[in-house]
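Visitor: Below, the features straight out of TrEMBL:
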BINDING   A:Asp31, A:Asp77, A:Asp221  Mg(2+) 3 binding site
BINDING   A:Asp31, A:Asp77  Mg(2+) 4 binding site
BINDING   A:Asp48, A:Asp125  Mg(2+) 1 binding site
BINDING   A:Asp48, A:Asp77  Mg(2+) 2 binding site
BINDING   A:His55, A:Glu274, A:Phe332  substrate binding site
BINDING   A:Tyr107, A:Gly124, A:Asp125, A:Arg151, A:Ser223  ATP binding site
BINDING   A:Asp224  Mg(2+) 5 binding site
DOMAIN    A:29-143  domain 'PurM-like N-terminal'
DOMAIN    A:155-314  domain 'PurM-like C-terminal'
Number of protein chains: 2
Amino acid sequence: MAHDEFSLIRQWTRRSDGQEGDGLTVGIGDDAAVFTPTPAMEVVACCDAMVETVHFLKETMNPSDIGYKSVISNISDIAAMGGVPRYALVSIAVSPSWSAEMTSQIYDGIHEACKAYGVRLIGGDTVSAPDALQLSVTVLGEVEKGRAIRRSQAKAGQVVFVTGYVGCSAAGLHLLLQLKGTGETIPARYRQLVREHQRPSAQVNAGRILQAVRGNGALNDISDGLASELWEIAEASQAVLSIDASLIPIREDLRFYAERAGRDPLDWVFYGGEDYQLVGTADAEHVGALQEQFAAAGIPFAVIGRVDAREGQSAVACTRGGRQMPLPKAGFNHFGRPE
Amino acid sequence: MAHDEFSLIRQWTRRSDGQEGDGLTVGIGDDAAVFTPTPAMEVVACCDAMVETVHFLKETMNPSDIGYKSVISNISDIAAMGGVPRYALVSIAVSPSWSAEMTSQIYDGIHEACKAYGVRLIGGDTVSAPDALQLSVTVLGEVEKGRAIRRSQAKAGQVVFVTGYVGCSAAGLHLLLQLKGTGETIPARYRQLVREHQRPSAQVNAGRILQAVRGNGALNDISDGLASELWEIAEASQAVLSIDASLIPIREDLRFYAERAGRDPLDWVFYGGEDYQLVGTADAEHVGALQEQFAAAGIPFAVIGRVDAREGQSAVACTRGGRQMPLPKAGFNHFGRPE
């Protein structure tokens, strides 16, 4: 892009949510941002990249969705630590096929996601790229000292749970790819599936409930499909997770769409991705309290298995209707390319 | 890259400098990193991206240089706030033309830079890209509460100073582009110029000296050429900076190379970039103390002008040998492409 367009973009980044005050000493526009951490809290930091043609296509995501989702995927990582997201830094590399107008819409989405989750955009970089547009987002959050929930904390005897509904984002993407180039609109009954793909939610409230329960176990956000996330917990915790697939809640629209598409909804549940729900483990004695608190917060919470200890083993075992179901750990593969 | 190569890369990122302890509660390998901020310090955060063909070419930077420089450019932003760099998050998008071996070397450079500046790599993301390799680095640092040095703090009566030698990186790049494809090696007398381009230093110690002096003024790091940085200070501070170009120290090898190349070294000083020196303003009464402390630290420090106040004006005025020299604010343009 031309230099004046870059100046425009720099202006877009300096909207009201980056204003100073409330702990932010220096906002966007200097060499770096400066903020005062909240006393007795630790800082939680994560960073995720999204690349055109690898993580999204212009045909499956509009610019504001791309911006929105790039922030959500990072807020989700903060949620998976039990933290509260506070600040975001966004680096964007824009290629010539993206107009200033489209780039402005990406920032619209970034600002929308920030606003929805109480996050302030405090910095970043805007550069040009020769080909694919890329977004790299860092989100900084806070968590009570010593209370971050790690994926290595699964212990034998705990239950395995999942929040919300999984698999919907991948089904939404499947539908978008089916419709790509046909000019057809999205049937009303599937709009929510598509929305889960384009405008996902991060489970900050769920993470905060889990963080507040003493003695809780492991936690991961589901960015790469449930199988991959379960394996990560199993390996980090050196534990065996035994899952009963029939306990995983399947949303009605997902079930319906899968049937029409001739697919098993569990394929998308286990090997889809970008659901940004949480999967974790909890002490059995806390499950009642957790169920109550999740119900009060309006967040689905389902026990889907248990943690077993087998000497020196890290694995995920899965049954379905009483039969063993192999569950390799392969993750999400957006558009059929080798990762 | 294939999945097993990605696993390799994930291993490279988990080297010893990311280990937990000394304030780091959760290092690389979970959804997010967690650290305890130092009491009475604020957190300083910045983010910079580097894109193949826009910021570097395979022919001008070897992989470890690319990794090294991507970290330095961010540490430099922390230095320009007067802060101490502490943690880094690196997101890298690797295209098929980069082998696992080359990508590993990028991480070598990242780790070298982190080690040289006491920074720990605490997170990031490794994804694939269709075409150009991209690196986006976030560095988090700390600065004494209320003591961050802003670029908006230039005040009439202050002097303008610059640390070190400017223009060398751009001259080094000029030479590299001249030699590209010729098979010729770099003449020994220019090796330091090339090194300034490929393995620049960040002026953390200079920033710390300036931060410790009460009543100091504005500060910027020189990433886009001295003219652009001076203009940023002038505009952020609503001040007029009057520069005497003959006071800017020119290193002997730069002067020599410029003469051979038929160029004015000031072109590279003002419109080169990536020197990562600091330019700023300071109260005249502090200059003596600053000169002593910089001399003791072995860092060149030169007064190159003063800050004037003219009602409602933001500008950079420059003279050279008593004559006015126009100094537009255009910045660095790596390979002749429009930014």
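Every residue gets a Cβ built from N, Cα and C, even glycine.
Predicted, not measured: the structure shown is a model, and the values here were computed from it.
Structural setting of the listed features?
Guide: Secondary structure at A:Asp31 (Mg(2+) 3 binding site), as computed by DSSP, is coil. For A:Asp31 (Mg(2+) 3 binding site), the number of other Cβ atoms no farther than 10 Å from its own Cβ, over all displayed protein chains, is 31.
In the three-state DSSP scheme, A:Asp77 (Mg(2+) 3 binding site) falls into the helix class.
On its own chain, A:Asp48 (Mg(2+) 1 binding site) has A:Ser70, A:Ser73, A:Asn74, A:Asp77, A:Ser136, A:Val137 as residues at least 6 apart in sequence with a Cβ closer than 8 Å to its own Cβ. In this structure, A:Asp48 (Mg(2+) 1 binding site) is part of a beta strand by DSSP.
Taking the Cβ of A:Glu274 (substrate binding site) as centre and 10 Å as the limit, one finds 25 other Cβ atoms among all the protein chains shown.
Taken residue by residue with DSSP, A:Asp224 (Mg(2+) 5 binding site) is part of neither helix nor strand, so it is coil. In this view, A:Asp224 (Mg(2+) 5 binding site) is surrounded by 22 other Cβ atoms within 10 Å of its Cβ, with every protein chain counted.
Mean pLDDT across the domain 'PurM-like N-terminal' (A:29-143) comes to 96 in this model.
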Visitor: By the criterion CB under 8 A from chain B, which of the binding-site residues A:Tyr107, A:Gly124, A:Ser223 would you report?
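Guide: Sorted by position along the sequence, the hits are A:Gly124.
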Visitor: Can you name the residues of this chain that are 6 or more positions from A:Asp221 (Mg(2+) 3 binding site) yet have a C-beta less than 8 Å from its C-beta?
Guide: A:Ser76, A:Asp77, A:Ala79, A:Ala80, A:Ala202, A:Gln203, A:Glu229, A:Tyr276, A:Gln277, A:Leu278, A:Val279
Visitor: About how far apart, in whole Å, are the alpha carbons (Cα) of A:Gly124 (ATP binding site) and A:His55 (substrate binding site)?
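Guide: Cα-Cα distance, A:Gly124 (ATP binding site) to A:His55 (substrate binding site): 20 Å.
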Visitor: Which one, from the binding-site residues A:Asp77, A:Asp125, has the smallest tally of other C-beta atoms lying within 10 Å of its C-beta?
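Guide: Output over binding-site residues A:Asp77, A:Asp125: least Cβ neighbours within 10 Å is A:Asp125.
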Visitor: Have a look around A:His55 (substrate binding site) and count the other CB atoms within 10 A of its CB, chains all included.
Guide: 25
Visitor: Can you give me the Cα-Cα distance between A:His55 (substrate binding site) and A:Asp224 (Mg(2+) 5 binding site) in Å, rounded to a whole number?
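Guide: Just about 12 Å between their Cα atoms.
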Visitor: Secondary structure at A:Tyr107 (ATP binding site) (DSSP, helix/strand/coil)?
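Guide: For A:Tyr107 (ATP binding site) - judged by DSSP and reduced to three states - the answer is helix.
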